[in-house]
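Here is the structure we will look at, set down as structure tokens.
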Amino acid sequence: MRKIIHCDCDCFYAAIEMRDDPRLVGRPLAVGGRPERRGVVATCNYEARKFGIHSAMPMAQAVKRCPDLLIVPPAMDKYRQVARQIFAIYQGYTPLVEPLSLDEAYLDVTDSPMLAGSGTRIAEDIRRRVREEIGITVSAGVAPNKFIAKIASDWNKPDGLFVVRPEQVDAFVAALPVERLFGVGKVTAAKLRRLGAQTCGDLRGWGADRLQQHFGSFGFRLHDLCRGIDHRQVQPSQIRKSVSVEETYATDLRTLDDCQRELTILVDQLAARVERARAGDMIHKTFVKLRFADFRGTTVECVYPQVALPVFNRLLAQGFERRRMPVRLLGVGVRLHETDAHARQQALFAEGPPPGA
């Protein structure tokens with residue numbers, strides 16, 4: 001049985017700013033661009049979150065919600081330096097560290113000799129060292145796979161640890177609302193609820209074929225996740241260049257209206273994937289992919305820095321117009337800035353790899 005830890009620094013950028021300037025502690029704080037320059041919130045502390053402020057929110061909207069909000073511009077060089085220090089700590093326990101962003105990573109400690117191989121003790125020690133050596137807090141989840149470990153790390157935030165042991169997986173996942181499943185956004189969750197599935201336990205009553213009938217190939221993923229099954233490996237060198245979702249339909253989509261109805265579901269799934277990948281501020285382009293009944297395909301894309309349904313609808317219309325034929329496959333996605341993707345995952349070690357790497 002694997003031992004996977006998901007580590008997630010609490011409000012990373014804001015935590016570093018509060019560490020470096022104690023006058024900011026206890027006051028609502030957002031890191032991001034100025035509202036007059038149409039800036040957005042990169043992250044905010046928990047005092048700001050009490051006002052409903054969250055990452056990716058336009059800063060002007062954040063200031064309306066909290067007129068006393070303190071705004072600090074991002075200091076990316078400083079954040080990368082802190083990330084290097086934190087990842088050096090991770091690498092001291094296992095070489096199997098998969099960066100998801102500057103502030104988030106998976107660790108596979110299955111074969112680690114540290115602390116008698118206890119995933120719980122390793123997570124506790126990592127949190128202690130980051131707090132004492134770096135001066136910020138990390139929340140961690142320990143579980144037999146990546147899906148459950150990521151959910152667990154969010155369970156006792158901030159500055160928390162939650163462990164899901166192998167014998168607890170079944171009951172833990174059964175009680176989860178369907179919204180917690182990877183790739184399920186608002187539209188998909190609403191469809192699941194209309195079909196009578198409120199929790200993963202409810203969803204287990206559905207066979208894989210029935211889920212596939214309603215949700216296409218994503219139905220097979222739902223079938224596994226609602227049972228706590230996730231075979232993805234921790235991949236230390238993974239660099240994400242795009243995020244996408246596509247579906248091949250058992251019955252061709254004959255009209256543009258048919259395509260637009262399905263597009264809404266796909267965009268919802270894409271938004272959920274982008275959010276979980278922490279890739280929202282790395283988007284460079286958006287695209288729509290179509291494969292027609294004659295198996296010929298086309299892709300339409302444009303420069304646009306966020307997931308927005310109207311933009312995808314416009315691209316879909318352009319692509320559909322090219323052939324005006326029934327569509328057998330539909331896909332949506334975003335392309336990421338390659339330099340930013342490197343900065344998020346590889347430039348952590350731009351000044352040389354951490355000890356043990």
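Positions of Cβ are set from backbone N, Cα and C atoms, glycine also.
Now, the feature entries from Swiss-Prot:
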type: ACT_SITE; residues: E104; note: active site
type: BINDING; residues: D8, D103; note: Mg(2+) binding site
type: DOMAIN; residues: 4-185; note: domain 'UmuC'
type: SITE; residues: Y13; note: site 'Substrate discrimination'
Rounded inter-Cα distance in Å - E104 (active site), D8 (Mg(2+) binding site): 5
Greatest C-beta neighbour count within 10 angstroms, which of the recorded positions D8, D103, E104: D103
Cα-Cα distance linking D103 (Mg(2+) binding site) and Y13 (site 'Substrate discrimination'), given in Å to the nearest integer: 9
Averaged pLDDT score, the domain 'UmuC' (4-185): 94
D103 (Mg(2+) binding site) in three-state DSSP notation: coil
Packing count at Y13 (site 'Substrate discrimination') (other Cβ atoms within 10 Å of its Cβ): 27
DSSP three-state assignment for Y13 (site 'Substrate discrimination'): helix
